[in-house]
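Notes follow once the structure below has been shown.
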Amino acid sequence: MDSGLGSSYPEERSGPPEIRPEEINFEELIGTGSFGKVYKGRCRQKAVAVKLLHKQNFDAATLSAFRKEVHLMSKIYHPNICLFMGACTIPGRCVIVTELVPKGNLETLLHDQKIQLPLYLRMRMARDAALGINWLHESNPVFVHRDIKSSNLLVDENMRVKICDFGLSALKQKHKMLKDQSSAKGTPLYMAPEVMMFKEFNESSDVYSFGIVLWEILTRKEPFSHHRELEKFREAVCVKHERPPIPNDCLDSLRRLIEKCWDKEPISRPSFKEIISALDHVIIDAAISDLNGRDFWKKSFLTEQEVPWEAFIDALCNWSKAPARNQCDKTSIDYLNIKCLKAVLAESPKSEGTGVETVVNIEKFGKILEFFGPVPEPAPGHSIMDTVREILSQKWFHGDLDTTEAASRLNGQPIGSFLIRFSSTNAGCFTISQVVDGGSIKHQRVSRQGVKFNYQNVIYNSLIEIVSKNGGGANGDVKLDSQLGVPNYKFMSLFCVLNKESEVYQ
């Protein structure tokens, strides 16, 4: 529907971001806050978000302050801050126009348990938010957001997070303090104790709020959900120093960060620069469970979550004390090791135009280590690459395959035919898919018990041993026979001897 705001506007403009009322078309309502309603809309042929302010009867001083805020907001540019595109500052018609962030706010995503959000992804989202807030805090003058909460973190189509809603933001010079005079501004559940107690505060109040958000991102629960009365809540947080309970299985690095952020002493809280650095470690811990794998990634790519294959393999060879790729003979085991690891780990970059053919993603690296780990201590003579090569050399190993594709490859094969693949539901586990009596396909899990493998309640030292010892056969099933392994020609081709003088390393 049309905004209905009329077409008259003053000739004097407040600056480049001023938008005429007739340029804005309102569509459906997508959110409501204390200062206004947010609509999906269109402006100058672009899909946008339009915030219609509840309060429109501005006096001259308030209108001047609003226009000043609009002017300041127009100068904030950062990938993790919702892009301010303009505003109408005409009295009675005040709206703010921003980019439209399609997946809504983080609060809604977190509390919808049907949506899968792995811890690694959630911690990456937390880092995005920290990057945006850090940009505000490092500005001059300093922006103190004052209302950091999960509903003010928007999520785009790539699951990247952007800070929004600067309605309560305060500007201050560095090293200066702020103080509320009449009422504490912000959302009580996320509000720092010093703000609730009308004490002086600074940007560290945003750090406290972020600590509560970080707990919410971790647990996917509402903070302080048992509190109902504001006064009792204020006493619990400000006097008794109550904080939400951190789960026992929380990563140690994440626990330490949360506790630092919501410290009762503002001066003890970290800056957002320090928070970002801590989250770099947390993200690696969340993506990689193998301790040596974590050590490798932190020493090699601490701030990166995706790296070019060449940079990755050079770093891994150096860390594991294996021969460098440019020193390997094409017929050597070391060269074959590199080819095999690339076959299961490297993938095309998600972003176009990078100029890089293949990359390694930290999350996939962590999963591969769960399948082939643990990673041995760095030493000449054996590395994780040897383990990968040994498994890929078995004709029956098919790697990353879902149930449907596994059944397709076994269709029409003799009874007893089988293949082994990664489990599609349990990281670190494998699945044996086999043709049984009647020609149907049966899928059975091989679980990990430390470095050993459990198949049908029998413990084996390796996948290869399960096959070589003719594992299985319980409950009338067919025992495994290596002769009936269905070949995976993709992996088998890696083991062809290279003779061409002109062949270059791939």
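Just so it is clear, glycine is given a Cβ too, placed from its N, Cα and C backbone atoms.
The feature active site, proton acceptor is assigned by Swiss-Prot to Asp147, with sequence analysis given as support. Classification of Asp147 (active site, proton acceptor) by DSSP places it in coil, neither helical nor stranded.
A strand conformation is recorded for Ile30 (ATP binding site) in the three-state DSSP classification. Residues or ranges marked as ATP binding site in Swiss-Prot: Ile30, Gly31, Thr32, Gly33, Ser34, Phe35, Gly36, Lys37, Val38, Lys51.
Under the heading compositional bias 'Basic and acidic residues', Swiss-Prot lists 10-21.
The domain 'Protein kinase' feature in Swiss-Prot is assigned to 24-284; the stated evidence is sequence analysis.
Feature annotation from Swiss-Prot assigns domain 'SH2' to 396-488; the stated evidence is sequence analysis.
Per Swiss-Prot, region 'Disordered' is recorded for 1-21.
Helix, strand and coil counts under DSSP for the domain 'SH2' (396-488) come to 23 helix, 31 strand, 39 coil.
If you average pLDDT over the domain 'Protein kinase' (24-284) in this model, you get 91.
Within the same chain, residues at least 6 positions away in sequence whose Cβ sits under 8 Å from that of Ile30 (ATP binding site) are Val38, Tyr39, Lys40, Ala49, Gly104. With respect to Cβ neighbours within 10 Å, the recorded positions Thr32, Gly36, Val38, Asp147 differ, and Thr32 shows the lowest count.
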